[in-house]
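Submitted below is the structure of interest, expressed as structure tokens.
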């Protein structure tokens, strides 16, 4: 997400609506009552399915009564020169012009695309001397307004001709006089006031709506005539919005796109309900890059998740496909493929990052595999590169599960197309992920070659392409690498010395208490001021903004491995919760960290803190950072959030610069100072910290944009040099708080840092500031550099790489131009990224030989026990589950009921009875059985307000209790006397029949034992006044059940009992009970043992409880609706019998 181009149609609607409404950036009033342009634009879309354009009935009425201009609206530059402009046409001619071009391929310069979207607007006759040019652009330090007094198609070189007015960030907008003097010296005096007014309003909208670019050519200004106000019209327009500002400006963008706000045309959303008034902003693909169905699907998937999912199909017939984790890594792999001469075979560009779920990864992989296995089979076969850098926090094995699932699904297609798969990955749990990939290769029938982080990130590319590659030290050399084990935890069952468990008895008889395991660091260690070039050292203390227990534990584990005396995290700030304490591990023991609700309190309580790691979201990072910047004590802030609006990012960095505060980020993983300090998740899991030797300082300082590529650099430096001295990922956005030069100048001034590394990328010009510093002698230490993104020149259309800032807006911003310029300035620049380890090793050995670097003996870091949860996830430990559940599972992509997906529950329309059968009996019952369950629930739902359960519910409700409490009150009355007769009836009738008793013998036995037969008898109903509920049940069972032997037995018992008294009928409880036993025993779905067990464990009573809950809830709602007062039972309905006080009592005596 970054600045993205929008259609001219949308840009004109935004200006039409907001020019009169946006808050003004100037305190001076408008000088002229000029007429704001009317929103007279219409969009004509081509529908490929019907090969038709938008119907006239959907267009505004002025289209058919006005002379028109028609042109494509697909981000095409210089449409007039390309012959894509129809002028002064009436609607029939304009429509014909559009239809002749709609759906047809069109070449514009070097790009070919399909014309599908057009804009029509009124034709405006005007003299050429009324045309002007205006453009507003944004850069790191300022916004710039460019203006020329000559506009139109033949404007020529704008950069050379335009006058400029700069508006520095956070500075007030210039006065009207300054605007006029800077931009309008060649404009006729009569037009100057109107133009100044328009420029002020235009820039106000630019700021208010978070534009990133806005160009109008020509801008037409017509003088006032016939007593009317001067007119301003914009004919052609190009614009970009900051997409990251959608959370702020989304409602403003949407309302401007709602046509009903202009002329009652009707809501443009087509009747759909949207989040805001009007449809959300549309983000069209560049011309020639029409989104395929697959790209649109991944774009939609990306928008619905916090992870990042990108896909651009470059060549559907290409042989080489990539599925790469990480924004920086995705570019590096494309570069490597292009560098070996296979750019024409590269089928796609894309990346997945930000810890996507297994389900999201599955959908992403499935989409790519579907594309790979389409079309004709290529004799040479196809290649799939599943690559990635060393992840910081993404569970590699978990994401691989989704990919493996998709690979299995496309097994036959992969075999048919001769696909060979090459995998390279590192990061948390990568060993298990690679192992799963290797095992998959053995069963899939598709060759899968698997490599780990000991292999250079792009070394698998030449292997996959079958080209010779220079052998590198530490590279896999074509052999599957041996996985690097995780940091070994303490042996299972081993007690770490000095860490006796809670409850252990000492020699003096005292027990170890829980508090004895807590390590406290209350004393503030006085330290001297650090030099400006060293913001982090072994005494650095930080606050963490946001609840981030995983990141904080990682920081503390790093601190412990470095041998720090105290944790680097002093406290947390979480405004949305109360003050509390959180517990973290410090080695084998634990320590407590306080959580505050405000920055002010945290800073006041911890005067030794001068760093804040801010994990606030993109929506709140601006306000929280401004709050942090109020305190002079804070000297550095790391902003982790991605998607921070660019205007907010620029304001933060300028405020921080004015206060002398170092900003790292936004959109960064942070940075790391080996042996001293770690920001958040930088460096990845502890196994990577150890393998990359980040627990002690090396001699190489690097700066990069990518967090994942920072881990790659840590890994490479540990293999080819003595390791990292300090590494910073400045973040991938267009306006990071600090840039390459800020950190490289620090490294240059730091005598402990001997060698510099710069990993740049396509887009932006920050590398040139480093080049200037080298040329001027400000940087003298050896600097190895490479700009990734060299593949961009191979693509026919514009491709947005993984980072927001990685898009070249000019030739000098390309990776090739940067690498060439850096090489010319004296940087050590390899020919390709694959050769980076070689030049690093050569430079390092030279510095060692010269004595500039003196390698030190390695030391072993302390062993840090692995967290229990992580060890369990890695399969290193096991423990019995505290609970066992066999009926449902919500952990996967969708909820499962007894193995049945919730989507299938609805697709097959199994109903409530079917759900009960799955969750109660773990199987699908026949339809007649599930319908019987539903019938029982309906029959038992209620039996009037007078029964004990309903009465209890009503009384509790009238006492002011909530629904849950009132329902529970009613349910607690259910037992052997009320509602619980189902279980007992089932048991008694089943037992009698199973023992071979005749109905009469059963009745006689019960009489001799003075027992009532459960399920027999009713207070009101009788033989002559039958219970219709019983009739309904009997009729259904006799008609639908395959067998009903116990019901037949019960009816025979009823004949015996009613011969004695006509109210001793089979009641509804007894009827349901015996029929349910018939269902269990005779449906074929249960064994006899299972049937008996379900009777014993209370299943039948469960039916009554479930059904009667419906009625109890109804009574509760009824009483609430009636606003019934507190119930007090009338005293005359209670017989009170107090004992006579004269009667003797037994009294207890005090001893």
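Every residue, even glycine, has its Cβ placed from backbone N, Cα and C.
Below, the features straight out of TrEMBL:
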- 2-253: domain 'ATP-citrate synthase ATP-grasp' (DOMAIN)
- 289-466: domain 'ATP-citrate synthase citrate-binding' (DOMAIN)
- 539-643: domain 'CoA-binding' (DOMAIN)
- 703-827: domain 'ATP-citrate synthase/succinyl-CoA ligase C-terminal' (DOMAIN)
- 803: active site, tele-phosphohistidine intermediate (ACT_SITE)
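Structural setting of the listed features?
Model confidence over the domain 'ATP-citrate synthase ATP-grasp' (2-253) is summarised by a mean pLDDT of 91.
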When DSSP states are grouped into helix, strand and coil, how many residues of the domain 'ATP-citrate synthase/succinyl-CoA ligase C-terminal' (703-827) land in each?
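Here the numbers are 53 helix, 21 strand, 51 coil.
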Counting only CB pairs under 8 A, let me know which of 2-253, 289-466, 539-643 has the most with the domain 'ATP-citrate synthase/succinyl-CoA ligase C-terminal' (703-827).
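That would be 289-466.
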By DSSP, what is the split of the domain 'CoA-binding' (539-643) into helix, strand and coil residues?
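Helix, strand, coil within the domain 'CoA-binding' (539-643): 29 helix, 32 strand, 44 coil.
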